Amino acid sequence: EIYFEPDFGFPPDCKVYTEACTREYNPICDSAAKTYSNECTFCNEKMNNDADIHFNHFGECEY
């Protein structure tokens, strides 16, 4: 099992992402404790669904 240490760095710049995301796994955790597979999927959820979510940290969310 691969474990990603949380990284509380700067939030992703969502302006750089289009609607098409890659399948790379570089997890990101949002304020609702939901893990996204990468920055692009997080940003698309935030922008396209007008979701009230915010960046928490890079890495998987802990349950």
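Any Cβ shown, glycine's included, is placed from N, Cα and C.
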Per Swiss-Prot, the disulfide partner of Cys61, chosen from Cys29, Cys40, Cys43: Cys29
Cys14: disulphide-bonded cysteine as recorded in Swiss-Prot, out of Cys40, Cys43: Cys43
Spatial neighbours, same chain, of Cys43 (disulfide bond) - Cβ under 8 Å, 6+ residues apart: Pro12, Cys14, Tyr17
Cys21 (disulfide bond) in three-state DSSP notation: coil
Listed in sequence order, residues with CB under 8 A of Cys61 (disulfide bond) and six or more positions away: Cys29, Asp30, Ala33, Lys34, Thr35
Cβ neighbour count (within 10 Å, all chains shown) around Cys21 (disulfide bond): 16
Spatial neighbours, same chain, of Cys40 (disulfide bond) - Cβ under 8 Å, 6+ residues apart: Tyr17, Cys21, Thr22
